[in-house]
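Novice: Below are the structure tokens for one structure; questions will follow.
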Amino acid sequence: VRDGYIAQPENCVYHCIPDCDTLCKDNGGTGGHCGFKLGHGIACWCNALPDNVGIIVDGVKCHK
């Protein structure tokens, strides 16, 4: 279990629309909020995500 910016499979962030709390909870986390991730912009930060849910890997660009 860890905290982090939840990632799409291409190492792209989920933007904060409509909100992050539901997205994080639907993926097994305890909740979430909007944050700013340098190089990605406004993104969803999740608390206590399971290890099998991807989080943003620093230094790897979004390749969508």
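Here the Cβ of each residue, glycine as well, is placed from N, Cα and C on the backbone.
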Novice: Just confirming the record: what cysteine out of Cys12, Cys16 does Swiss-Prot connect to Cys62 via a disulfide?
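Specialist: Between Cys62 and the options Cys12, Cys16, Swiss-Prot records the bond with Cys12.
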Novice: Pick from Cys20, Cys24: which cysteine does Swiss-Prot list as forming a disulfide with Cys46?
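Specialist: Recorded partner, per Swiss-Prot: Cys24.
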Novice: Say which of Cys20, Cys34 is recorded by Swiss-Prot as the disulfide partner for Cys44.
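Specialist: That would be Cys20, the partner Swiss-Prot lists for Cys44.
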Novice: How does the domain 'LCN-type CS-alpha/beta' (2-63) divide up by DSSP, counting helix, then strand, then coil residues?
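Specialist: Per-class counts: 7 helix, 24 strand, 31 coil.
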Novice: Count the Cβ atoms, other than its own, that fall within 10 Å of the Cβ of Cys16 (disulfide bond), considering every protein chain shown.
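Specialist: A 10 Å sphere around the Cβ of Cys16 (disulfide bond) contains 18 other Cβ atoms.
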